[in-house]
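What TrEMBL annotates here:
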type	residues	note
COMPBIAS	7-24	compositional bias 'Low complexity'
DOMAIN	331-447	domain 'FAD-binding FR-type'
REGION	1-24	region 'Disordered'
TRANSMEM	83-104	transmembrane segment
TRANSMEM	138-160	transmembrane segment
TRANSMEM	180-199	transmembrane segment
TRANSMEM	226-246	transmembrane segment
TRANSMEM	261-283	transmembrane segment
TRANSMEM	295-312	transmembrane segment
Amino acid sequence: MAHDLPARTLASSSTATTSPLSAPTAFSTPSLANLTARHIQDYSDASSLEPHWGYYDRVVPCTNDAGSCAYLDEVYSSHDRGMFYAGAMWMVIFAIITVLAVASRSRWRGRKVRGVASWVRRWGLPDSRIVAASRLQVTMLAAALVYLAIFSFIGISYKHWVTPVKNTTLTNYRSSLGPFVDRIGILSYALTPLSILLASRESLLSAATGLPHTAFAFLHRWTGHVILLQAVVHTIGWCVIEIALYQPQPTTAIAWIKQTYMVWGVVALILLLLLWILATPWARRVMGYEAFRKAHYILAMLFIGACWGHWAQLKCFMIPSLLFWFADRGARFARTALIHYRVLPTGGAFTTIPAKITQYGDCVRLDLDASTTTAMATDFDVGQHFYLTFPQCSIWQSHPFTPLSLPGRPQSYIIRCKRGETLNLASLTLDTTPTVICGPYGSDTLAPLSRDSNVLAIAGGTGITFVVPAAIRVAQLVSSGRASGKVTLVWSVRHARDVSWCARELAELAELGADIRIHVTRGKDEAGIDDGVDFDGDESLASLATAAESGRPDVRGTVERFVSRVNVGPTTVFCSGPSGMVRDARAAVAGANDPKRVWAGEEERDVSLVVDDRFE
């Protein structure tokens, strides 16, 4: 970011050739004798300085020509307003977080509150036609963009001033372009800590609101787009000013670009461009998720440092950015240490957890060894996920996976082996592999449910790991009389034999009386079933696989039929699978909500959705 201060040198002339000032905030600068006369303000002759937060102090009174003094008035007043608008933006952000935090912890669920929530879901859940996101997400983004657009332009007097260049017949054309692009720069800096906060795995936003950190991924991506756009506009604006409007040329432009703060500005822009390019879907596919993630972390830290070097006066935004970044890294290290570091008679040791590998074609099931699993590894909530590292494949990569098992039990995972580290995992010929886990991350997906909540779990492929623990836990509560809702699981797999991935879990769910429906998308494979597929001796599962329906499930019809059979209580739909399935689930849940009936007290039409939208 460049401000209306292109150099760290001072001036003794009131008719400078470039920008309004660039000076330290104290009179004791040791290099005053060697300064060149290039700037509007003369600090060596100043009688007093007027402080401005986020900017260099102003020399008062102004002793320059009338045009330069008027220009300085505009520069400083616009900057002060920009800082106020940035502060107001953060006050709004804190207010929204506070409201969400209070709402997520509130036990008051009156019918009017439920009615409003039902209306929000009915209107906001369907996908937008503009971008791949829900209407509610797009509305939030649009509101933020409108705010930024308004406060990028207001509070600036759009004028120009022609001022003389000393000892020449040339003139400088000073305009409100400088204050405008500086305003853009302030807002860009103010958005940087928000971008870090939205991306943080150890998310303070998740802790406050109860939403998983993946819920903020859409806003994080668009915050990055906005910051890049602001940086480009800021850069173009100052290039126009310093290369075209200030005289003489090319002397002024060359002197400007050589200054230290400008070098850091160029570095920051290059790093920001790299961040943006490497975050594109194409780059992520080429690099792989893990390489993208690590590059993103490193480039983000370097970008923050370059921004500080470019304009240290706005470190009030860079310090929180760095704190959020280091807090995320530090918390991850602490989580891993708590799970794997054990106190032994001979001292402490970092130990991995052996995991049994069961091959199912392009999928593997991992069952962590119960005898070596620490209490920390079983202390998690339904819906949370862990990052797994397999040292025999690579110690530098970790991937997010949701445990198939319930809390309090040794963790189990179903992993589809596509490429990279997961493909290497499938190629291991050993029965077990050492595993390092880090977590848990995310929130308890069952926390919002009430005693009479009904659960419809819809999964595609390995998405079963996200939905089946919720279905089992609620079915357990219903079976024990502590809950009264209905539980149905709908699972779409490629082959009927794929139900053997989680035979134990399906058997438990069936014993609890839940309704289980299997859909096979590539034709039934009875040969695979008869040929020794292991269902742990449970004939009901074998018959379930044999009776599986062909084709993909009709998500909209499934949701509507389930809700229509509900006699009492709200419904929560858990969904994890391909993007098309999640999109259909959003539309189906939106259509199933009836705000008027919920407002009137009919909870049966109060339908909520919990989706797992993490990167695979």
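Keep in mind that glycine also has a Cβ here, set from the backbone N, Cα and C atoms.
Across 83-104, 138-160, 226-246, 295-312, stretch 226-246 shows the highest tally of CB pairs under 8 A with the transmembrane segment (180-199).
Same-chain residues lying 6+ beyond the ends of the transmembrane segment (295-312) with a Cβ under 8 Å from its Cβ atoms: 1-3, 185, 189, 192, 196, 199, 260-262, 264-265, 267-268, 271-272, 274-275, 278-279, 287, 318, 321-322, 325, 329. Proximity of the transmembrane segment (138-160) to the transmembrane segment (83-104) is established through 3 or more Cβ-Cβ distances under 8 Å for residue pairs spaced 6 or more apart. Averaged across the domain 'FAD-binding FR-type' (331-447), pLDDT in this predicted model comes to 79.
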